[in-house]
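Quick notes on the structure that follows.
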Amino acid sequence: MATVLIPACTTALLLDIEGTTTPITFVKDILFPYIREHLEDYLSTHWEEDECKQDVHLLKKQIEEDMKQHRACPVHAVDQTVHTDEEKAIREVMDNVLWQMAADRKSTALKQLQGHIWRSAYTSGRIKGEIYQDVIPSIKIWRGQGLKVYIYSSGSVEAQKLLFGYSVEGDVLDLFDGHFDTTIGAKIDGKSYERIAERIGCQPQEITFLTDVAREAKAAEDAGVNVVVVVRPGNLELTDEERAHYNLITSFSQLELTGSA
């Protein structure tokens, strides 16, 4: 694929993670299985701690919202306060978490708990965040050209920071100017990108968003954000219409700031 020019008006690059900076296989084959394998042990060990209680409270609120919206849900209650049987309460949390994961839900409640479980895996060295080899050199070039670089992922801000703080490239967190997750809104909602622009302190058209997901690309584009779609091994296939519509790259090295040559 040919070089894609970043518009000269761009002041900030906004990067997706899964399928964009990081292989989908890392998330699907390493991170998610780790949750499934360690969920029960984590909940049993931390059940009485405030952080875990807050995570369970968020899950309960999510279930209530799901029931209001008549979404399918495996259980009708998750609440530490109504059970004398801790084992039963933990099983209910597990059922809900595993159900959300099987449905590929992007709820803030799920992502927050996952981030807390992954934390010990990263800090102990059992997991290292995977990053495509073209990512870090390109970000360094962009920053050298005066661009700011932000992350926007469905994974919690904490999970994002763990991935880049304990990565195969070492701690690269200082390359990013900020992080956004679903607390600012869903990635398929154009309003989310407007909020990000406001938070960054620029206009939507001054942001270039890199993602592998066409629905996210469309939402960003609807908000006035410039979009580049990243084509990596294992990413969801684009339609012919999508391939014709979006600027496509297979490597960050193909992106060049207008007038930088």
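Placement of Cβ uses the backbone N, Cα and C atoms for every residue, glycine included.
In TrEMBL this protein carries:
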- Asp16, Glu18, Asp212: Mg(2+) binding site (BINDING)
- Ser153, Ser154, Lys187: substrate binding site (BINDING)
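Sequence-distant neighbours of Asp16 (Mg(2+) binding site) (same chain, 6+ residues apart, CB-CB distance under 8 A): Ile151, Tyr152, Ser153, Lys187, Phe209, Leu210, Thr211, Asp212, Val213, Glu216, Val230. Calculated from their C-alpha atoms, the gap between Ser154 (substrate binding site) and Glu18 (Mg(2+) binding site) amounts to 9 Å. The Cβ of Glu18 (Mg(2+) binding site) lies under 8 Å from the Cβ of Ile24, Phe26, Val27, Ser153, Ser154, Gly155, Asp212, each of these being in the same chain and 6 or more residues away along the sequence. Other C-beta atoms found within 10 angstroms of the C-beta of Asp212 (Mg(2+) binding site) number 21, with every protein chain shown included. Same-chain neighbours of the Mg(2+) site beyond Asp16, Glu18, Asp212, judged by a C-beta within 8 angstroms of the site's C-beta center, are, in sequence order, Ile17, Gly19, Thr20, Thr21, Thr22, Ile24, Ser153, Thr211, Val213, Glu216, Val230, Asn235. Packing around Ser154 (substrate binding site) is summarised by its Cβ count: 22 other Cβ atoms lie within 10 angstroms of its Cβ, all protein chains included. Same-chain residues that are not part of Ser153, Ser154, Lys187 yet have a Cβ within 8 Å of the Cβ center of the substrate site turn out to be Asp16, Ile17, Glu18, Lys106, Tyr152, Gly155, Asp181, Thr182, Glu216.
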